[in-house]
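So the structure is just underneath, and the comments pick up after that.
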Amino acid sequence: MAIKKYKPTTNGLRNMSVSSFAEITTQTPEKSLLVPYKNQAGRNNQGKITVRHRGGGVKRKYRLIDFKRNKDNIIGKVATIEYDPNRSANIALIFYADGEKRYILAPKGLTVGTSIVSGPNSDIKVGNCLPLLNIPVGTTVHNIELKPGKGGQIARSSGASAQIISREDKYVLLRLQSSEVRKVLGSCRATIGEIGNEFYKLINYGKAGKKRFLGIRPTVRGSAMNPNDHPHGGGEGRAPIGRKSPMTPWGKKARGIKTRDRKKSSNELIIRRRTK
């Protein structure tokens, strides 16, 4: 994927960039794989905000993605590469030999007409899915399961991948892009290759309105709020925060504090913690 930049003919276009969508082959999604998508605006089932700065945005439908890749030993052919408004990665529509259609995350290098297959005996080829124990050390993978049969949970966004660095008994050691090294059961599945659309993170939205189209609402500084809304709020004019360290809106220390639960059961599977 390439990035397309605009000439600064208006204030909104100055510094703005968009994806060239050169890899996209159709603008019409597969109807049988679309379901309604309700915008929760960052609220939970009690109506309370659990994720800030969410809401609004254009109406969209959810594309049903096959994260499990459990259709074994049936060859599928890539019919289209499509844009998905619900994620940063592109998706590929697969026509299987038995007539079924499924969407998968489109890895880098996957093109229309390419054949893919899932199963323990699959070839080590981009787009194929197989258990981690059957994949050679040094291979780059994505859409990695944490529990066998649950579906991929790691390395699913644009440009994401992990590398297999060794095997230990029933576990496989993965190096993630965050530099974290962790154990994953060898019976968990992963797909060969890295996710495409890798330049997505370089896109400059250019104006606030474009973020609103995506359902992203403004982020207000704590120092601009009242003291009953944020620990940084209040004071006369541009007052300092008046605390030893920056605080979250809920009064907890922000920046530089480890937020992971010390008693989390999966801590023993993390060999080296992430550095970024």
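For all residues, glycine too, the Cβ spot is worked out from N, Cα and C.
Bear in mind that the values here come from a model prediction, so they are computed numbers and not experimental data.
Taken from Swiss-Prot, the feature region 'Disordered' applies to 221-276. With DSSP classes pooled into helix, strand and coil, the tally for the region 'Disordered' (221-276) is 8 helix, 5 strand, 43 coil.
Marked as compositional bias 'Basic residues' by Swiss-Prot: 252-263. Long-range Cβ contacts of the compositional bias 'Basic residues' (252-263) within its own chain (Cβ-Cβ under 8 Å, at least 6 residues beyond either end) map to 245-246.
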